[in-house]
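A short worksheet on the structure shown next.
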Amino acid sequence: MKEYPSVTVIGAGLAGSEAAWQIASAGIKVTLFEMRPKKKSLAHHTSEFAELVCSNSFGALSSDRAAGLLQEELRTLQSIVINNADKYSVPAGGALAVDRSQFSLSITNEVSSHPLITIIRDECPCLPKAHQITILATGPLTSELLAKDIKEFTGEKECHFFDAASPIITGESIDFLTAFRASRYDKGDADYVNCPMNEDSYIKFHSELIKAEQAELKDFEKESANFFEGCLPIEQLAKRGIETMRYGPLKPIGIWDPRWGDVNDKSIRRLKRAHAVVQLRQEDKAGKLWNLVGFQTNLKWGEQKRIFRMIPGLSKAEFIRFGVMHRNTFIESPKLIEPTLQFTNRKTLFAAGQLTGTEGYAAAVAGGWLAGTNAALLAKGLDTITLPSSTMIGALTNFVSNSQASLRVKNKKNFQPMPANFGILPELDIRVHNKRERYKEYRDRALRQIKKLRETLLDKSSSPTNI
């Protein structure tokens, strides 16, 4: 069998794990660097691969939603990460949420046991030599030494934003005399625990939250404490106005406790409905751990315990993990990388995952899949691929690359991370007025393209060039 150049992957997060697996599955040897546990990051709690440091949710599951379409594209492309997410999913209404411990452990075991993947548990302090095919998948918590080398290589100032994680509590510490199980609008199973607030308890909670003590930022962080809008700390939301949380994570619409009476009786509904509702989502398959949805925070731990125990039903909450905030680094990718995820000035170097400025777990996986697939093709001497912009993976890649689709971003001072959304897809050939039907058309078009791509890749893998 023909011997191909090996590929180095730096970082065993979601993108790096996916990339390494795709490369090895193509018959190429991989050296995978992961600095944990030898060197810990500010946000990770374990040394497992693909650890989820923020939420345990990959977003909406339905493929007529942007996040769900991205997941479905990755399923079609045989993503190891999405396969494990499906395997270790936990009830979460219409979302794909996972038992984060089992999920990460399974990916670690699968990747580590692949005969073509060599794991090096050490920091990679600098970029490998130019002849070595390399994927940078170090994520938003790139080590200082490597970040410095990347900065020197790109000649660009680093970009960053602040991200935060929600607290996790034990299920047995929830008071179900007040809290109750339900899903919004009673759709599907009652997968969420809901803690209702009346107007008085909400006002008191808001008052304490906006004056609570926050964990101190380092001096260099204070200068530019930018937050990503999709993951704002709850205290930052509260400071925007007393009603802001009620139109965000504490939205009460569509949530009803049967103990309050008949939801169809308007007089009862007006009298009993909650002013605000805090929701908790299951963290593990056994239902022993629950996270506070939307409660990313940078409050001091003592303040978290004091204030979050003000939530009805959580007065005796036992905290397994407190919320934390950390600095996320990403490159100004529209100036630096191609739609193949190769650096313009070094074709043997790829970037993948949140380092490129995509936002969300599935988007990181998508970057890992594309970078891994292209690195394997490059190692075999074959042409790399770009994905159609009508697919969610292709649209996200175009947004963070120097393609025509991202020229609108190229000259802006502040390039900011982008989550999966239908707004970045090109218009349909037909006019569809109904939004839900329009999203289904986007989905059908994207999945047709992805299936064609899958067939093309299968043809490439069976080509005589690869024997």
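From the backbone N, Cα and C atoms, a Cβ is placed for every residue, glycine too.
Lifted from Swiss-Prot, the feature list:
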- GLY11, ALA12, GLY13, LEU14, ALA15, GLY16: FAD binding site (BINDING)
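Over all protein chains present, the Cβ of GLY11 (FAD binding site) has 30 other Cβ atoms lying within 10 Å. Cβ-based neighbour count (10 Å, all protein chains) for GLY13 (FAD binding site) stands at 32.
The binding-site residues ALA12, LEU14, ALA15 differ in how many other CB atoms lie within 10 Å of their CB, and the one with the most is ALA15.
Sequence-ordered, the extra residues of this chain that approach the FAD site, with Cβ no more than 8 Å from the Cβ center of GLY11, ALA12, GLY13, LEU14, ALA15, GLY16, are VAL9, SER17, GLU18, ALA19, PHE49, ALA50, ALA137, THR138, GLY139, ALA352, GLY353, ALA364, GLY368. For the recorded site, GLY16 (FAD binding site), the DSSP three-state label reads helix. Neighbours of GLY16 (FAD binding site), defined as other CB atoms within 10 A of its CB across all chains, total 32.
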